[in-house]
C-alpha cells in the first residue's frame, strides 16, 4: 500500500496530542486530517500545526468527531480509559480504524475493546516505541534461559503527571515474563513492599514505581542471581518515539480487517 493515510488526533492540546501532530507533519505517508479537543475548549478553531508549534497545517481544531467524519481514515487516541472507550464506540458506529495508546484499562474495559474489535480494526498497545517492543522480545528470551532460577524485578519511572501505576508497559513486561514461565501474573505479582515482608518468594515478580519530574519513561527488568545480575532497560528521552510508532501503526492498520492487533504485529516481531 502506497496511498497516504489520513489520521485524526483526539486530545490534540495534550502533551501527547501535540507530539502526534508534530510527528504527522514529518511523515511521508501520513496526513493530519482532523484534530479534536473537548467541547468548550478555547482552542477550537485554532490551526493544529500552530498549536503544536510546527506551523500551519490547514487543519482547524474541532470539538466533534461527527464534524470531521469524512476527513480521516484512522483515529489515534492517547487520552484516558473512559474517553478511549467512548471514541472506540464512535469508531465502531462510523467504521473507522483506531490506534489506542491509552493505558490503565480495567478488565471490563478490555472486554469492551475486544468486542468492538470484531467490528473495526484496532491497535491496542501500552507502548508504541520500536525499542520497547524489541525489549519485550529480549525479555522472553532472557526468561526462557534465566527465569526459573533468578529473582525477577521490574522497575519503572515516569513523570509526575502520569495517572496509572504501574505503567502499562511494566505490566506488559510482567505478563510476558509470567507467560513464558507458565505463571499467572495476577497470582505472582508483588506491587511494592513495605514493613516486615519476610524472605522473598522466588516465584514472585516484583514491581517498583517512581513518579518524578519530567521523566518520559524508563523501564528495567532485573534478573538477579547470586554473583550476577542481568538488567534489560529501555529509556525514552522524547515522546516522539511513541508518536512515530503510532504513525507506523496507523499506516499499517489502514489496510487491515476488523480485529485486535498490537505493535508486535505492526512491526512483524511475532
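Just so it is clear, glycine is given a Cβ too, placed from its N, Cα and C backbone atoms.
Swiss-Prot annotations:
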ACT_SITE  158  active site, proton donor/acceptor
ACT_SITE  162  active site, proton donor
BINDING   11, 12, 13, 14, 15, 16, 37, 101, 102, 103, 125, 126, 127, 128  NAD(+) binding site
BINDING   38  NADP(+) binding site
BINDING   159, 168, 169  (S)-2,3,4,5-tetrahydrodipicolinate binding site
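Positions of the features from Swiss-Prot, shown on the structure.
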{"residue": "11", "record": "NAD(+) binding site", "contacts (Cβ under 8 Å, 6+ apart)": "17, 36, 37, 77, 78, 79, 83"}
{"residue": "13", "record": "NAD(+) binding site", "contacts (Cβ under 8 Å, 6+ apart)": "37, 41, 43, 51, 61"}
{"residue": "15", "record": "NAD(+) binding site", "contacts (Cβ under 8 Å, 6+ apart)": "161, 239"}
{"residue": "102", "record": "NAD(+) binding site", "contacts (Cβ under 8 Å, 6+ apart)": "77, 78, 79, 80, 81, 83, 84"}
{"residue": "127", "record": "NAD(+) binding site", "contacts (Cβ under 8 Å, 6+ apart)": "101, 133, 168, 169, 172, 217, 242, 245, 263"}
{"residue": "158", "record": "active site, proton donor/acceptor", "contacts (Cβ under 8 Å, 6+ apart)": "167, 210, 211, 215, 216, 217, 218"}
{"residue": "162", "record": "active site, proton donor", "contacts (Cβ under 8 Å, 6+ apart)": "211"}
Cβ-Cβ neighbours of residue 38 (NADP(+) binding site) (radius 10 Å): 14
Shell of the (S)-2,3,4,5-tetrahydrodipicolinate site beyond 159, 168, 169, same chain only (C-beta within 8 angstroms of their C-beta centre): 103, 126, 127, 156, 158, 162, 164, 167, 170, 217, 219
Spatial neighbours of residue 159 ((S)-2,3,4,5-tetrahydrodipicolinate binding site) that are distant in sequence (at least 6 apart) but have CB under 8 A: 211, 212, 213, 214, 215, 216
Alpha-carbon distance [residue 125 (NAD(+) binding site); the residue listed as 'NADP(+) binding site'] in Å: 24
Chain-internal residues near residue 125 (NAD(+) binding site), provided their CB is under 8 angstroms and they sit 6+ positions away: 99, 100, 101, 245, 249, 262, 263, 266
Mapped DSSP class for residue 38 (NADP(+) binding site), helix or strand or coil: coil
